[in-house]
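Working notes, beginning with the structure itself.
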Amino acid sequence: MWSNITAAPFLLTGFPGLEIFHPWISIAFFIIYVSILLGNGTLLFLIREDYTLHEPMYYFLAILAATDLGVTLTTMPTVLAVLWLDHREISHEACYFQAYLIHSFSIVESGVLLIMAYDRFIAICNPLRYTSILTTAKVMKIGLGVLMRGFILIVPIIITLSRFPYCRSHVLSHAFCLHQDVIKLACADITFNRLYPIALISLTGFLDSMLILISYILILKAVMGIASGKDQAKALNTCVSHISCVLVFYVTVTGLTLIHRFGKYVPHVVNIIMSYVYFLFPPFMNPIIYSIKTKQIQNGINRLFSFHRICA
């Protein structure tokens, strides 16, 4: 009985009630996706090719850009398929795998923002030992640890998700698979899948945000101890890009959390839009923020375009 029920594919959903506008909406999404791919791809290319960017700060930025590309490439195929082709069906295995990647990359991004705060803390509070503390080997180990944390911690709820029978409606509320969306359709005891994410959010997102806050309190304390106002401004200016990315990420997370918490008081389409904002706004904004606020990135972009003009 359960095997027949479970075999039915899940159905993804675009914007309910706005189906007639899906082709136009898809154009906007396509432009945003291309912008994200170009922006983060350019950052990765610059950091790889420009030796002046071979520093811990930019290595961590490269991990952030790769994470943003991962989130984008994970959601883009199904979103565009639903909006462009009205292809809504997705197999259970593909859905579980997509949910695994989406949630893993979200945890990774939170961790990357934390290690970037640690990088700024060392650079400002202990500048003379910066290069000896954050060696290339140490950066690789930290980066690997952040990736492993994200991709391992999410495994338990995805495994249990794949073992549940699904006897209710197979219609999901987004154009991509999320654990909290799929779990609503399960016909089983989902206590573990309700409690584990709460613990996971507390041990990752909440803890990461608190450690980032503590890092900047210590940074501010160190900066206030600098005699020269010019040097104070210079030190704080190196943190502006990272602070902006942190705000973009956690403001969207907070907005999405509030919408989910008080979702019954707002139109369902607002819930859907906030989900897209959460997954698209940070990857879209991060390259822009670092391109505008970081002089070394600006110089790298200028050298890149100058090289292409010379070659042309």
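Even glycines carry a Cβ here, placed using N, Cα and C.
Annotation comment: TrEMBL describes 20-46, 58-85, 97-118, 139-159, 198-223, 235-259, 265-285 as transmembrane segment. Taken from TrEMBL, the feature domain 'G-protein coupled receptors family 1 profile' applies to 39-290.
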Contact check, the transmembrane segment (58-85) vs the transmembrane segment (139-159), 3+ Cβ pairs under 8 Å, seq sep 6+: yes
Chain residues outside the transmembrane segment (265-285) and at least six past its termini with a C-beta under 8 angstroms from it: 13, 15-18, 29, 32-33, 35-36, 39-40, 68-69, 71-72, 75, 102, 109, 173-174, 176, 178, 244-245, 248-249, 252-253, 255-256, 259
Tertiary contacts of the transmembrane segment (20-46), as residues 6+ beyond its ends and Cβ separation under 8 Å: 14, 53, 61-62, 65-66, 68-69, 72, 76, 79-80, 82-84, 86, 276, 280, 283-284, 286-288, 290-291, 297, 300-301, 304
Beyond the flanks of the transmembrane segment (235-259) by at least 6 residues, Cβ under 8 Å: 64, 109-110, 113, 116-117, 120, 123-124, 205, 209, 212, 216, 219, 222-223, 226, 266, 270-271, 274-275, 277-278, 281-282, 285-286, 289-290, 293-294
Mean of pLDDT values spanning the domain 'G-protein coupled receptors family 1 profile' (39-290): 92
